[in-house]
Amino acid sequence: MAETAGSSGQGGGAYICFEADCSDSDTEVDSPVQCSDSSDEDLVDNANIVPGNHLELFQTQEKEAGERQISLLKRKFCLSPGTSEVEELSPGLAGIRISPPKRNPVVRRRLFDAGGRDAVRTPRDHEVNSSPEPRSQVQSGSSSRSWEGHLESINEPASDGNMAAVMHKLFKTLYIAGFGEITRVFQSDKTNNNQWVIAAHGASEVLYAASFEILSKHCSYLQASRKVHETGSMSLFLAVFNVGKSRETVRKLISGVLNTPCSRLLLQPPKIRGLCPALFWFKLGLSPATQTHGTTPDWIKQQTNVAYNTGEASKFDFGTMVQWAYDHRLTEECKIAYQYAKCAGTDLNAKAFLASTNQARLVKDCCTMVKHYLRAEEQSLTISAFIKRRCDNATGKGSWLSIMNLLKFQGIEPINFVNALKPWLKGTPKHNCIAIVGPPNSGKSLLCNTLMSFLGGKVLTFANHSSHFWLAPLTDCRVALIDDATHACWRYFDTYLRNVLDGYPVCIDRKHKSAVQLKAPPLLLTSNIDVHADEKYFYLQSRVKTFYFKEPCPASDTGEPLFFITDADWKNFFERLWERLDLSDQEDEVDEDECSQRSFTCSARNTDAMH
């Protein structure tokens, strides 16, 4: 402190101004620090307390906390009443949309909307649902529907996915196995099948009993059963109809018989491959509550047979397949695959073939082997034996007069045609080619193509002559035909293929194989060009025997030719002229015991083991 403190000469006022501590707080007296520092203050508060309802306050706070949690949980699902005020002010203004409406309604909201009957309604829910017309998202932008209509659309029984899920769940509950485990899927309702699995939900017991009698008239086999659950009943049918029916037809039939909506029906064809589906129907058929009609399908019998599922029975033998294709004379891969697959119901080896993972390679190899066997067998036959076999393969009755009448109509002496046919069949040099020449529609192709069909010959197309392999079919046939030869074709023969017309050995190139040398088979040609009348084909005239068809072939009013020749007609033709054609009689005198003793076998299994 300064020496002159308090002695400014102004009396005691200077002391007060100097020693005073300035503070602008008026609440310092009430400071809790100063109150606590006071030792004279009483620690007991004797002020009057205002009584309150603490329990009600606690409940209110708990309720608000719960509502906040529910609101956070449902914030994405609450409907907004935003358009209600606009609709009250101006309905026309409410119809105006700047942004396009959503295509699909928010399906997740339905969960909370439909559950509102049992759920606790929050004040926000009450505020939303108490609006005059809750908003509904629609594509057309029209006014929203009522709350009751919204609930009806949700709880509608015919709801597609909902009803199907309920029926599948009920089916699995009652029958243990799922409906998809015993059936396969047909995507189209138009696909025909004679076997169907039908599950009907909610059919009455009286109609179920009557339906068995009605459906048994349409089916060769029918198995029916009905089970009841607290959530509904389920009727199950395995129907094998007398004729194939589509799902649409079966649905209409069952819906009319059971008086059940189509939405409460499940229809799919049964799984016919697999042990589990077969055991399901077999076990269900043993139940006394199951009604059956007719004979059990073969696929159930076979797959529930112990011997049918043994390892030895399911072993595939390639030789058996080749033997089957050889016996049926099948040389096309598509026919071998299709026809052998159809035998899987009765042939165990065919069933094992379907279970194989390399069917394409097996079919290709089988086709190749059959072609090798048939080609070697055909080449080992004489022309007489070959024609005899073709006659045996021809079916039906025919008349050789249809061929003779066509020749006479064209002014050809039948005896001249037969005399030319005799060396042609034997492939005698200089007599190896016969040409039928004449104007269009004179029956040239009719005569030649029917003869090729009977003899199993090949047809060559000159359009492929630019390829080195266009003559490759000559290696697999006994006779051949070139239809409608033009000047280009005759010039090509005159330049390159004179020895083919002669009937001498030729070398033929084959694709992906080495060239083969063989005797040229007898050749038939049809043409509008007479090589004997043109000097530039002088070197072909001695190699070609020509017959002229000068008259147009008559036809009926419908355009059908009056001359009609079949394989049976050619069969009768060769049988009647067998000796005239100088064909040997060895086929009539052949040792029948040798032929009947054993046919050609290309399977490793013995004859008794083959199916």
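Any Cβ shown, glycine's included, is placed from N, Cα and C.
Note that the structure is a prediction, hence the values are computed from the model and not measured.
Given the ranges 89-98, 339-348, 539-548, the record in Swiss-Prot names 89-98 as motif 'Nuclear export signal'. On a Cα basis, Lys519 (SUMO cross-link) lies 30 Å away from Gly443 (ATP binding site). In the three-state DSSP scheme, Lys519 (SUMO cross-link) falls into the strand class.
Ranking the binding-site residues Gly438, Pro439 by how many Cβ atoms sit within 10 Å of each one's Cβ puts Gly438 at the top.
If you draw a 10 Å sphere around the CB of Asn441 (ATP binding site), it holds 15 other CB atoms from the protein chains shown. Within 8 Å of the centroid of the Cβ atoms of Gly438, Pro439, Pro440, Asn441, Ser442, Gly443, Lys444, Ser445, where the record puts ATP, the same chain has further Cβ atoms from Thr526, Phe549, Pro552, Cys553.
Note: the Cα of Ser445 (ATP binding site) and the Cα of Lys519 (SUMO cross-link) are spaced 25 Å from each other.
Each of the recorded positions Lys444, Lys519 was scored by the number of other CB atoms within 10 Å of its CB, and the largest score is that of Lys444.
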